[in-house]
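The domain 'Amino acid transporter transmembrane' annotation in TrEMBL covers 2-411. What TrEMBL lists as transmembrane segment is 7-26, 32-53, 95-113, 149-166, 173-193, 213-233, 245-269, 289-310, 331-348, 354-381, 393-416.
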């Protein structure tokens, strides 16, 4: 791939639903603390990506291999350290496990995102107007209540299963291009709307509540978790020595997008900001189309995100059956995996909390905890300076604290919100 193609793929690997959740993340951290924290997380995330590439180069030169995956890098790195050598297989297995959790977590988020946005468009269809004037309540006045968002997820399930039956990514290429264009157009309109509707004077808390900060961490690291695409992209590049430039340029653009949309989105919608900024857009035709375009983009991206866990899990399973059953087993496993992600999404249909949970649980390991530890073991006995060792341990520790606090708070919030839902439902039924 050329420089430009790799850049586009890197941007695509990092920009999905995470970006749309960032205004709420900024609300959780505060109007000043949020953007500054995002900048720091961006810098650390890019640094960790660079570490992974560096370690992969060092190991592939040593092993005489043209390229390595993230899991293999961890495995060969562990073989480097005498007392870890026996367990080196587990390095690869652990990384692959977290890759699977992250990617299937993304797929769960996509289910919730699609159902929330499509539900909103359907319910407001009668009240959809031509004028896009802002009424500062969260939604339009005349909504026709339709069924629960979880039923929307079930409606998407057959379509999703058919989509992942497409095993060759090349068949998806034209759709993928369409998805990118749809998402780009939507983003430009979302920016335009948010910028032109900021309310002055801005009176929003500059520092958020401490107990909401872990939720910010989860959402931010979910958004920055593009590390899974870094090695595959570099391996496919025509001139891999230029990859560092692609990485810095691409992630610079991504970080700028994240900070600007997060801040502008929060300044525009303030306290009312939803789990995805699309849910706050007014119900006029133009922005209903924006929501649907973004949904189309996310629908196609589902197949691309699903490709990673499918590639790790399915070949080893298919190898165990006789040749005439191979295709059947392959498709069956794909269907089961999609049903599994849909079931998880139905269990936790709260967009903002699912994003935070997935980010805290798995993205923190892949993007923050593993890369610094990988550098320590890859260059073990090659004289890393104490300063580098300290820096790496600090980054891993930040990731670990974020993982513990973020997961805990997200689960507490999910339980609390479910309890609240049951209360409102029972009072509604009593009436």
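Cβ atoms here come from the backbone N, Cα and C positions, even for glycine.
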Within-chain partners of the transmembrane segment (149-166) [C-beta distance under 8 Å, separation at least 6 from its ends]: 111-112, 114-116, 118-119, 172, 299-300, 302-303, 306, 310, 331, 334-335, 337-339, 342, 345-346, 349
For the transmembrane segment (32-53), sequence-distant contacts whose Cβ falls under 8 Å of one of its Cβ atoms, 6 or more beyond its ends: 22, 25-26, 70, 73, 206-208, 216, 220-221, 224-227, 230-231, 234, 243-244, 247-248, 251, 254-255, 258-259, 262-263, 266, 367-368, 371-372, 374-375, 395, 398
Recorded stretch that, among 95-113, 173-193, 213-233, 245-269, 354-381, has the most CB pairs under 8 Å to the transmembrane segment (289-310): 173-193
Residue numbers, six or more beyond the limits of the transmembrane segment (354-381), whose CB comes under 8 Å of its CB atoms: 17-18, 21, 44-45, 48-49, 51-52, 54-55, 58-59, 70, 73-74, 77-78, 80-81, 84, 95, 98-99, 101-102, 105-106, 108-109, 112, 214-215, 217-225, 227-228, 275, 345, 348, 388-389, 391-393, 395-396, 398-400, 402-403, 405-407, 409-411, 413-414
